[in-house]
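Annotation comment: TrEMBL describes Ala20, Asn21, Ala22, Gly23, Ser24, Gly25, Lys26, Thr27 as ATP binding site. Marked as compositional bias 'Basic and acidic residues' by TrEMBL: 954-965. Summarising the annotation, TrEMBL assigns domain 'UvrD-like helicase ATP-binding' to 1-482. Annotated domain 'UvrD-like helicase C-terminal' per TrEMBL: 521-802, in sequence order. Under the heading region 'Disordered', TrEMBL lists 954-977.
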Amino acid sequence: MTRSPQAIAADPAVNAFVMANAGSGKTTTLVNRVARLLLAGSAPGAILCLTFTKAAAAEMQRRLYERLGDWAVAGDARLRDQLAELEERAADSFDAHDLSRARALFARALETPGGLKIQTIHAFCEQLLRRFPVEAEVSPLFRVIDEAEAADIRRRARDRVALADDIAGLAGAYLHMAGKLSQPDFEAMFDRFESKRAELTAYVAEDGGAATLQDRVAASVGLEGWTEPEAAEHAAVTAPDFDAAAWLDAAAIAAGCKQPTAQVLAQNLQAAAEAVLNGEAPVELVQTIFFTDKGLPRGRLGVKDMGPATLDWLAREQARLAEHFERARAARVALDTVSALVLAYAYGRAYETAKATTGALDFADLIQRARHLLTDGPGAAWVLYKLDGGVDHVLVDEAQDTSPEQWSIVRALTAEFFTGAGSRDGTARTVFVVGDEKQSIFSFQGAAPERLAAEAQDYDRAITGVGGVFQGVELLQSWRSTAEVLAAVDAVFAEPALARALSPGRGEAGEDAAALIRHQAARADGLAGTIDLWPPLQDETDEERRAWDEPLDASTARGARRRVAERIADEIRTSVEAGHAVHDKKAGLRPMDWGDVLILVRKRGPMFEEVLRALKQRGVPVAGADRLTLSAHPVFQDLLALGRVALQPADGLTLAGVLRSPLCDLSEDALFDLAHGREGSLWGVLNARAGQDPTLAEARDLIADFREAARVMTPFDLYGRLLNRLDGRGLSVRQRFLTRLGSEAADAMDAFLDQARAAEGRGPADLERFCHLLASLDQTIKREMDEPRGEVRVMTAHSSKGLEAPVVILPDVIFEEPRGDALLETEGGAFLWCGSSGEDCAASQMARDARKRRGEEESLRLLYVGLTRARDRLIVTGRYASNRKLENLKAWWAPILSAFERLEGVREVKTATGEARRYGADPVAMARTAAPADAVPPPPAWLTTAPRAEAPERRMAPGRMEDAARTPAPSPLSRVGGGLGRWRRGELIHRLLERLPDVAPDRRGAAAVALLAGEPDLEAAQKAEMAAAALGVLDDARFAEVFGPASRAEVALSGSAPELPAGVVVSARLDRLVVTPRRVLVIDFKTNRPAPDRVEDADPAYVRQLAIYWAVLRRLYPERTVEAALVWTDGPRLTPVPESLMRQALHALVPAL
């Protein structure tokens, strides 16, 4: 019996490298492999499975636990059938012991400490560093920073670089690049530094560091030594290389010719020669004579009448000058490169310094430090020895996206598997790798598709070298797509060059492309696929004059992007309403629904926005953008604007934006009536007119309530309460945002609250500081769209990796390839900086061409990913500019058009939305079967009645509550006692009363002197007066209970009470608390002089403060009598506060709040 490729790959006795086509069941094969390893007796904790994303790890875990759980409860017959299908053996070959072992696997997996090790490589590296922090040279308490904190660190690193003042070094490099680049390009330069931060820092630091940087850069551009660009240019037009006499001779010969071009040449040759003889360097004139504006050698330098000798001299002179000017270009590239690398190195060091002060690591650190720990760290041998006892099987998913550093980690983990002692205690140890180089689309994260084939060869040699079994497996069958979709994919990449671009590690020059790109359909559901190629639309010249204030990039009704987007929206609506059949893995064939459509764009640009707009306008449910830039999202901007209004209500422009937002929902007309011709601020007018219009009243109340709550609530509580606030119709603010902005608003609101929660962990949490942090936030969040939710999904082809849908639409297959940034990498690993191809030297041109080639290859792999997301139907279209010709278009359009020319059975069709070329069957309409509707009773009245809003819990200090009712008190800056501030005197006496009671009475005087000795600015008389005040209280027998064994100082108190305002939680610290079995006494020390004779004469704030303590303590000690008293250090005297007076103070406190 011939085993299937899936069975071979899942064999636990085999080391396998699996090349898996899209939709070929890669995840199923991985789960099968782990299940068979467990069945073979491997310990769950000895299996390590590394994948690329958290979603993939979670899906793999879900499937595995689902299978093991099913085995645990399956009957004998069903379990035998499942095991037989898994191992491709006869069902009767499994005995009772096999079944018992399979049923026990679920419990074994659950009981394994830490669970099954199915995780991302970043999660694995984090665990590794936490296990070996000393060997990894990291803090045992390190934390992984989020994107918001990383952005703040990047900003601080840039600021530090900008503050350099060494003109000869960093500051000079900064000035050079700032003068050369525009502001956007200068900012983009640091973004590029960030993407290669570790590599750039290491490159500058190697081989002597910054001291040898100039020489190394010069060598990388082909110079023998460091050369200034001006010197290289001047060498071309100065002696000894420049022969002025020969130039004058050539000028004379040209002047003797009648042709106008010869006359101009004569004048220029003579002018250049005379300038050189006068000691000048006519570089620009010489370049004009021999080279074009783009720096290319002119094809024709003279006229035939000048004679062969002169024409030959001109050619030789052109070649000589070209060599000099090439050297000058190389020197200029070297100069820019050194400046850029100096900045990159300084930025990288500043970033690391700023990060180190917080004891944090970023995601790149996890990989780099784990690699260092396992490969060349001082404790690498020890760490590998400890790990060697715990991991027997390593599985790597999405191997085509594994970077070289990550491969180094995998190699280190598995090195001992194949050293001749790969069987430890009789246990076979294996490696399993699965990937598809055709889907390698993350080069910006370090992925190198050719590395996959190279690693397979290395493992093959290592494994077979010790007698192990290595198997290369290809999974060619697709369980996802129809035969028609797969045939179209094969046709798109039928050209050998295109096929080898998909598989750069495997395609040999003479190899048949069909051997590289092969797909086999495994589906047998009877549904034929459909591939439609819509004719691309061309932008029409807009002859109408636009309004002067219309944005330059505004899309018009005649724009091709809008027309393409509108046709897509119409096609989706038509197909859903017609019930076109699609294949469902669980339900079989069924009518198409909104969630069956996946629209893939190359990038989030104008087409992306037009598609979203058209879908919303046509009433097509759409999930919104797959990624949200928080600072640009309306939810973020509206909530931040409300915070600014709360801080500064006089800001009329911001207030107007809040009123128009979903927060208040005022119409344009209502806002105009409110704002136009007003006298005073917009906030004042809103308050004045609120009584005349319920809508204005509701807006005023929302803002006023938010401002009031901001005084006592943290940003997270404040905004969380706001989003749940209900209006008169029973709609919350959250619902109003969702109604206007769609489902993506929910993710934006959640992300906003996440930022509010995170801000509380970074320092004092108040609204002003929070708004300041948000204003500088530049964070993008990824929305989870892995599963359809009854809405059309629109995302980039990159984001669609791992997803699938019955219907896939590619709306922008025509595009211009990006120019690319200025940072280049040579084949030798050197870095160069060259802003444009017009400035290139030979070395930078070679690096640029290589990058362009790699980019084009990756673009084709991205097309492959997009095409293979489709299960049943594929629609392809695009748009092109008005000044382009369709036959000259390349990008994705050219190979797709060639495929339609190559496929048999392509025909012209006319659909409900326009013309198309179709390959495959016409869509089949299915009738929707609606379930019988039962009589539904009307909903109860309470369902649509808004509940009364609960008072929010407000954590307050008693002093904050006193602010609302306090009578003016003397300024704390007032001077008493010979110039000593009253608050400082009170603070020091409080400190003495807190610490001296624990000192023996005969030593209290000396202790008081010692405590006050730390205040050198106080006079001796002041210290003596304060010590006497404190000791007078402690030595007075009347206060024995206050400082007795049942008392405690500085007692923390937190709680609420019925007598306090609803929702208020008190947080305070009591000066002194006495607790006996029957009585509780709270004491508050006061240092006022003179002390009042009666409690009624005391500051009302003192009474209110004690009353608040008293109310909370009564709830904490319901079975005891609670009393309160003021202890005045002047006298000293103790003044009890009657319960009636405290209740009166609390009664006055509630309405004040």
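Including glycine, each Cβ sits where the backbone N, Cα and C put it.
Compute the center of the Cβ atoms of Ala20, Asn21, Ala22, Gly23, Ser24, Gly25, Lys26, Thr27, which mark the site for ATP; besides them, the chain residues with Cβ within 8 Å of that center are Thr29, Asp436, Leu475, Ser478, Trp479, Arg480.
Taking Cβ-Cβ distances under 8 Å and a sequence gap of 6 or more within the same chain, the neighbours of Thr27 (ATP binding site) are Ala56, Glu59, Met60, Arg63, Asp397. Within the same chain, the residues at least 6 positions away from Asn21 (ATP binding site) whose Cβ sits under 8 Å from its Cβ are Asp436, Lys438, Glu474, Leu475, Leu476, Gln477, Ser478, Arg518, His519, Thr868, listed in sequence order. Classification of Thr27 (ATP binding site) by DSSP places it within a helix. Local packing around the binding-site residues Gly23, Gly25 was summarised as the count of other Cβ atoms within 10 Å of each Cβ; on this measure the leading residue is Gly23. Taking a C-beta cut-off of under 8 Å and a sequence gap of six or more, Ala22 (ATP binding site) has these contacts in its own chain: Asp436, Lys438, Gln439, Ser478, Arg480, Ser481, Tyr864, Val865, Thr868, Arg869. For Ala20 (ATP binding site), the Cβ neighbour count at a 10 Å cut-off comes to 29, with all displayed protein chains included.
As a whole-number mean, the pLDDT of the domain 'UvrD-like helicase ATP-binding' (1-482) in this prediction is 88.
The Cβ neighbour count for Lys26 (ATP binding site), using a 10 Å radius and every protein chain shown, is 24.
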